[in-house]
Amino acid sequence: MSVYGLQRLYIGGGYVDATSGKTFDTFDPATGELLAQVQQASAADVDRAVASAQEGQREWAAMTAMQRSRILRRAVELLRERNDELAAIETRDTGKPIGETLAVDIVTGADVIEYYAGLATAIEGLQVPLRAESFVYTRREPLGVCAGIGAWNYPIQIACWKTAPALAAGNAMVFKPSEVTPLTALKLAEIYTEAGVPAGVFNVVQGDGSVGALLTGHPDIAKVSFTGGVETGKKVMSLAGASSLKEVTMELGGKSPLIVFDDADLDRAADIAVTANFFSSGQVCTNGTRVFVHRSIKDAFTQKVLERVKRIRVGKPTDADTNFGPLVSAAQLDKVLGFIESGKAEGAKLLAGGTRLTDGHFGSGQYVAPTVFGDCRDDMKIVREEIFGPVMSILEFESEDEVIARANDTHYGLAAGVVTENLSRAHRAIHRLEAGICWINTWGESPAEMPVGGYKQSGVGRENGITTLEHYTRIKSVQVELGRYNPVF
């Protein structure tokens, strides 16, 4: 018996059975318990979801922006009313501590929907005078049906981030959550329907990468928004272009640098570094896993980091006192342990952790100890590749020019941060760092108002912020002639 029973697809405002005849399992990563069997969508199911979305989108786009705004605000109210229920499901599905999901995942998702609900009425065109009796005006019109493909680390937050601007602009969305964490996207669909979103405007299809490929290549989908790894992102972009020149937004991986200068407040710097590496058990795309520390303060900084690592409370995710849970799956555990062994083999000095936790109740879950490596080099695998787990690499530097060059020596460019008391240096360094999301004397916050996205191979386009609405609309230009038409022939 599973905890949540059989999970179906959500199409046309309600649950429907998949036609594939296939299911997959989702497990609690803390206990190994079967949470649910989930029906996998077929090509016919994807077609049905897209057709339903087309029908719903026509009704949704015909509403006034104020009507759409009110409905989205109602969805926000429902998300907040059901915060505890949704957080409990998210904790079971992802392994995140309940204190984290209660305070972050649903809260930040609802904030983004509220933000775009407020902007729905601000989507405007321009009027451009040409001459006394002629002018041009522009309209921002919805794209139509968009596809959203989510990642497993922030299931409901990512679903909110992708749907909010799409729906605010009058689009519909067919969403595929990660098959590793498939549960809460269905709850979001229920909430949208209860709030008054027309049937079909938000549909959920379940499955692995093959279902994502069906969405990406579908001729009736106008845009794909994808969150995931770089190599998968390249495939998404290629298929989206080859199929119908779809617009794409992609938030991909990172290997982000955190630079601690010699004048930094060491307690603050250590707090930031620990948060930037061990929040959500290190499974955050923006984590600052390359920690560059000025040589003169490296030993003192490292000692403060290790003191804080000892205070991390690893435990059952459902316990309120826990602030560090398991990794999301056995596959992710194996990947992280492989990187740890690579770090040892390449000569990094293991300062903390480095092992799987197996004592007591840890034995049935996917737990790895918070891990810190010192004496790291830029050419090490743990320094160059995204691990997506709780592994910090500490590197030392001597000069600002040197550390900026080393920090930028990567094909990633998602995030970066500096810790310094010198405001001029802080801004100078940030302006030279090749990253789309940057922090000064802090780390990790991504409010609704802040555009989120990467440079280089860390992504295309942005999520959140006003600019994102531009990528869910298309501009129509209209010339109006009030005077006499002068024929050419």
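One is the number of the first residue shown, and numbering goes on along the chain from there.
Yeah, the Cβs are placed from backbone N, Cα and C, and that goes for glycine too.
Here's what Swiss-Prot has on this protein:
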- T26, D93, V180: K(+) 1 binding site (BINDING)
- G150, A151, W152, K176, P177, S178, E179, G229, V230, E231, T232, G253, C285, E386: NAD(+) binding site (BINDING)
- K162: active site, charge relay system (ACT_SITE)
- L245, K456, G459: K(+) 2 binding site (BINDING)
- E247: site 'Seems to be a necessary countercharge to the potassium cations' (SITE)
- E251: active site, proton acceptor (ACT_SITE)
- C285: active site, nucleophile (ACT_SITE)
- C285: cysteine sulfenic acid (-SOH) (MOD_RES)
- E463: active site, charge relay system (ACT_SITE)
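Shown here: features listed in Swiss-Prot, placed on the structure.
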| residue | record | CB count, 10 Å |
| --- | --- | --- |
| T26 | K(+) 1 binding site | 25 |
| D93 | K(+) 1 binding site | 28 |
| G150 | NAD(+) binding site | 27 |
| W152 | NAD(+) binding site | 22 |
| V230 | NAD(+) binding site | 18 |
| L245 | K(+) 2 binding site | 9 |
| E247 | site 'Seems to be a necessary countercharge to the potassium cations' | 17 |
| E251 | active site, proton acceptor | 28 |
| C285 | NAD(+) binding site | 25 |
| G459 | K(+) 2 binding site | 28 |
Candidates T26, K162, L245, E247, K456 (recorded positions) with Cα within 10 Å of E179 (NAD(+) binding site): T26
Site of maximum Cβ density within 10 Å, from recorded positions E179, E463: E463
Separation of alpha carbons, V230 (NAD(+) binding site) and K456 (K(+) 2 binding site) (Å): 10
Neighbours of K162 (active site, charge relay system) among the recorded positions G150, T232, G459, E463 (Cα to Cα, within 10 Å): G150, E463
Rounded distance in angstrom between the Cα atoms of C285 (NAD(+) binding site) and D93 (K(+) 1 binding site): 18
Residues close to K(+) 1 site centre defined by T26, D93, V180, Cβ within 8 Å: F27, L35, T94, W152, P155, S178, E179, T181, P182, L183, V328, S329
Neighbour-count leader, CB within 10 A, recorded positions: K162, K456: K162
Rounded Cα-Cα span from P177 (NAD(+) binding site) to E463 (active site, charge relay system), Å: 17
Around the Cβ of T232 (NAD(+) binding site), the count of other Cβ atoms that are within 10 Å: 19
Using Cα positions only, nearest of the recorded positions to P177 (NAD(+) binding site) (D93, L245, E247, E251, G459): D93
Around the Cβ of V180 (K(+) 1 binding site), the count of other Cβ atoms that are within 10 Å: 20
Count of other CB atoms lying within 10 Å of the CB belonging to P177 (NAD(+) binding site): 27
From binding-site residues T26, D93, W152, V230, T232, the one whose Cα lies nearest L245 (K(+) 2 binding site): T232
For K456 (K(+) 2 binding site): DSSP state (helix, strand, coil): helix
Annotated NAD(+) contacts G150, A151, W152, K176, P177, S178, E179, G229, V230, E231, T232, G253, C285, E386, maximal Cα-Cα distance (Å, integer): 24
